[in-house]
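For reference, the structure discussed in these notes is given below.
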Amino acid sequence: MPATPFSRSFFVSQPRFNYYITPIFRSLTYQLSSSPFQFNAKSSTVRFHCALSQAAETDSPTGGRSGALTPNPTVTGEVQKIDVNPPKGTRDFPPEEMRLRNWLFNNFKEVSRLYGFEEIDFPVLESEALYTRKAGEEIKDQLYCFEDRGNRRVALRPELTPSLARLVIQKGKSVSLPLKWFTVGQCWRYERMTRGRRREHYQWNMDIIGVPGVMAEAELISSIVTFFKRIGITESDVGFKVSSRKVLQEVLKCYSIPENMFGKVCVIIDKIEKIPVDEIKKELKTVGLSEEAVQELLQVLSVKSLTELEERLGGSGEAIADLKQLFSLAEKFGYSKWLQFDASVVRGLAYYTGIVFEGFDREGKLRAICGGGRYDHLFSTFGADDIPACGFGFGDAVIVELLREKGLLPELSLQVHNIVCALDEELQGHAAMAANILREKGQSVDLVLESKPLKWVFKRASRTNAERLVLVGNSEWQKGMVRVKVLSTGEQYEVKLDDLN
């Protein structure tokens, strides 16, 4: 069979057939339509023929190259249209949405800077084990996880705190405590979508590592309040429900519930406003709580004041002491009106150990806006010594819904300083010179790249909210000048190119 530009032939002596041909068979990803080889007994050779569009080389898990053979593309005469929507639960960010995202992220970052935090980041792809070491968490069932080509189990990060812990452990003694770190990163969870809940979202995290006292939690809540105030949200719009995991621990100790059941109980309690109370009771009994323990636990969780909690648990426990100190500090920070005690707040992640809090919409139309707390024992689950730590996560989706609900979304239209336009096609290079002079002076320039009528240019200027129109015409250019029109006043003047600013 003669070779063509779309075929390859290999001639191999029979004794070495297996050595050369077997790996090629293994790399084929399609079924050949005819016999793959012909054996010639007289010449003791094997001829292997395969129709190819190309011999594509791909990365192998060992770092080398594999000679994977790519089949001819199927030509049908009709190109199938793709689905132009992003995957379910994800989003595109066209310019207007990107301007809103950048505005939000800039506020996250500016508040973090005001509080002296340093920015960090981590890979969006992490080891799956980072999220599966704790039992009983709903998050394990929501992972986007798979095995990569190196046979490693990996996952798209569903949250940021485990990555933070990994980085702190990695840095070890090379960093000095306390650490005040923040990040804004994308997270992925395969979960049921509701208003403000998607399968991917961005999250602002602030964490304090190495401070055991409640002052750290007070500082974190203060930073969130500062953020709310910057974007126009008040204490009448949003509040914080505050409690402590230690409240649950004290109740469970009374009924001799094993410590290893604590995380599972917290996960169930976290559903208390999401599913009927009878379902909560059923699940609590399933993990081993007696009827009496379930009733007592639910009664404690219904408590809405520290005074009543102290009457039930006594005033000597750590939970009461921590919460009293937090509310006292809130008075000093000036945000006590934002806080309310709610014993039912436990947060769904198993690693929380002390004070926990959630930001909520006072009208009750939205899910939790943000949440966090203390996680003093997270590091030991990764094989390191424990370090006292606390932090919060603040998603980008719910806050945008709240701003929209309150009519507080900012007007963020495109805006450039200048539009530069050549009045004749042969002057386009000179227009580029004018644009570069302005850009070097820090001004934004929308350079008209084609020959367009002035009517089109003025419409473009209106759409981009340009401040000035710079026209490069023959008569002006012959004098080494350009014409400038201030669009807000209509003022026009000529200026030398070198004096353009």
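Backbone N, Cα and C atoms are what each Cβ position is placed from, and that goes for glycine too.
Heads up, TrEMBL stuff is auto-annotated, nobody curated it.
For 57-77, the entry in TrEMBL reads compositional bias 'Polar residues'.
The feature region 'Disordered' is assigned by TrEMBL to 57-91.
Among the features that TrEMBL reports, domain 'Aminoacyl-transfer RNA synthetases class-II family profile' is placed at 89-410.
Its Cβ placed at the centre, Arg347 (L-histidine binding site) has 22 other Cβ atoms within 10 Å. For Glu159, Leu160, Thr161, Arg189, Gln203, Asp207, Arg347, Tyr351, Tyr352, the entry in TrEMBL reads L-histidine binding site.
Here the domain 'Aminoacyl-transfer RNA synthetases class-II family profile' (89-410) has a mean pLDDT of 91 out of 100. The Cβ of Thr161 (L-histidine binding site) has Asn205, Asp207, Leu349, Tyr351, Tyr375, Leu378, Gly391, Gly393 as same-chain neighbours under 8 Å, each 6 or more residues away in sequence.
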